[in-house]
């Protein structure tokens, strides 16, 4: 939907700040939703939240597909942001009632979403479909989301979410929903404000490094990608940018799917390495010392690997180290990390991008 929004807006007479507007419309609603999550949003019943998420996703496709103005297109982006933010808070909270291995599967799905979403749009438009036709063909995805939740997902039992043995046992159970998990033993609905604040302070050990990882990651993506341009290659500027995006998404997908192979306890190390990535690429933009685009390809793939590893290991560590009573709240509260990091990076990366463009 975001790829289509950029394409549709590019055919209209808009100002040079259209990318900034799309980014703002994409980030702000998600940020507001995730800020509200620790304050009580996660206590709302799951089924209405999933329904709203699916309806907003479908609405975003329709609004952008039939848009005749910039305002309508941006409304579509807002609907997609609401769907994404509400969906992430909802399903990460829901993992508290399932085996811990579900976090690995969820993370793999989110990593694949970024890669497959962009590739499916690129493939369908390259096959001859217009952006509008491509968006309308994707309306089956929100329907699949709703069907998988209301018809397929197994209702969680009152059990301690365990490790791989429990996960494998659960995976062998029939995937037929019997009832919505609106209220289960161990739910965080009974936590007082003081208890929530105490839990949240403990979560800062995980939240802060994840914020730093996403800050550095999206500082690179939003501020430096377009400036990492090489003349000594057959790829055009636009093609180089697409390769950067694809390699980044591929790295995120691979590392978000790697929990069974590699588990990282100290995510601060990932934050430090991502900051070093940022400094190195910023220096290259300024001084231009890298001789080949293929070196940048490797660094961007590595950037995606660090970002995906930070995400999946953060939530896995929280699932391991929080009590049953606090786990649902902890998952919802930590959701703010990636969006906060992206928002802060946008505040600095976009002005820096414009400044560096003026110097070149």
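Note that Cβ sites are derived from N, Cα and C of the backbone, with glycine treated the same way.
Looking up the ranges 127-158, 159-190, 191-222 in TrEMBL, the one annotated as region 'Disordered' turns out to be 159-190. Of the listed segments 233-252, 293-312, TrEMBL assigns transmembrane segment to 293-312. Residues 103-104, 107-108, 110-111, 209-210, 213-214, 217, 220, 228, 230, 232-233, 235, 240, 243-244, 247-259, 262, 264, 267, 270-271, 273-274, 277, 280-281, 284, 338 of the same chain sit 6 or more residues outside the transmembrane segment (293-312) yet have a Cβ under 8 Å from a Cβ within it. When Cβ distances are compared across the two stretches, the transmembrane segment (74-97) makes contact with the transmembrane segment (21-44), since 3 or more pairs at least 6 residues apart fall below 8 angstroms. Residues 1, 4-5, 8, 73, 75-80, 82-83, 86-87, 90, 131-132, 135-136, 138-139, 141-143, 145-146, 149-150 of the same chain, all 6+ positions outside the transmembrane segment (50-67), place their C-beta atoms under 8 angstroms from a C-beta of that stretch.
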